[in-house]
């Protein structure tokens, strides 16, 4: 007599998605009500802001969202696409290492170019790199893994510094208050997570179940988005020419960056956060499917990003809202919590529900950490950014 082994595929409760959505909604909507006792009105609800800033805010968040969608489109089917072309695991890992190495050595020089030649030019370079990769994949049936990895890694490094610096410089030109800038930081994190979810939905909708579409439609969508972004930046972004020389830049850099120990400590904290994020995205899927457990990972990914969205909406509550904390103290408590929740995973084998809960808590903390670090970067480097 044969033995039939039934497999049970674990799926997240749909109530979890509803809970995250309404929690984000309530966190944003209730903020002005609980802030009514203070003299501060959150920037997103302040209708007295200059029209120039409101136009800039809409354009900036649109470009940030498009950039995140571009980044997300390439990541949805990254390994699957390479496996479809017969690329081995060793070649995939090596190509990622090469891309990160190029980004490590060339990325800082792109930051210097952005400060000296203008953020608009480097922003256009970001979209041009994505456009080139999309065209390359559409023209050549088996595109170069190395070229795609290098271009996308350089584009990612540009997105990490250029958009934020552009926003800070424009904010300083308009002479707006600091809390308005703080609100832009959490809006950037919120828009990024939302766009990553949107890119996953878009890519899966374009591809469906056809493997041939997997090789065509995401590249076409990325090309169209990059082309639209290039036209939008060229037509709508008016940037004043930079007048600083490299000598002035070097002097300012040595004074405000190398000479400040807080910058070194902040850089170390940022590096540790980025390292933990990369390690998490490498290990979370193998950890959750350990011992042959079956789970639809594509349904867990939106939960993690939704938790990051929820964490970002908590930032205005803790920065200058009703639960005001010093940014340094807030980061200290959140770092301790992140280490504690990940120690649960490292200590022993856990059930899937526990792992999903722990991973969501980690990303909620990350949603609070990212705008907090951005606020500290601005506080410590504002004199350098606007020299």
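Using the three backbone atoms N, Cα and C, a Cβ is placed for every residue, glycine included.
For 15-34, 60-77, 92-110, 122-139, 145-163, 184-203, 215-233, 263-283, 295-318, 330-347, 353-374, the entry in TrEMBL reads transmembrane segment.
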Among 60-77, 122-139, 145-163, 184-203, 330-347, stretch most in contact with the transmembrane segment (295-318) (C-beta, under 8 angstroms): 184-203
Beyond the flanks of the transmembrane segment (122-139) by at least 6 residues, Cβ under 8 Å: 63, 67, 70, 74, 110, 113-114, 147-148, 151-152, 154-155, 158-159, 162-163, 166, 215-216, 219-220, 222-223, 225-227, 229-230, 233-234, 237
Annotated stretches the transmembrane segment (263-283) and the transmembrane segment (353-374) touching (3 or more Cβ pairs under 8 Å): yes
Long-range neighbours of the transmembrane segment (184-203), counting only residues six or more past its ends (CB under 8 A): 24, 43-44, 57, 60-61, 64-73, 75-77, 163-164, 167, 171, 217-218, 221, 298, 301-302, 305-306, 308-309, 312-313, 315-316, 367, 370-371, 374-375, 378
Outside the transmembrane segment (60-77), six or more residues from its ends: residues with CB under 8 Å to it: 123, 126-127, 130, 133, 152, 155-156, 159, 163, 166-167, 170, 184, 187-188, 191-192, 194-196, 198-200, 202-204, 207, 214, 218, 221-222, 225-226, 228-229, 232-233
Distal contacts, the transmembrane segment (353-374) - CB-CB under 8 A, six or more residues away: 10, 12, 164, 182, 185-186, 188-190, 193, 266, 269-270, 273, 277, 280, 284, 287-288, 300, 303-315, 318-319, 327, 330-331, 334-335, 337-338, 341-342, 344-345
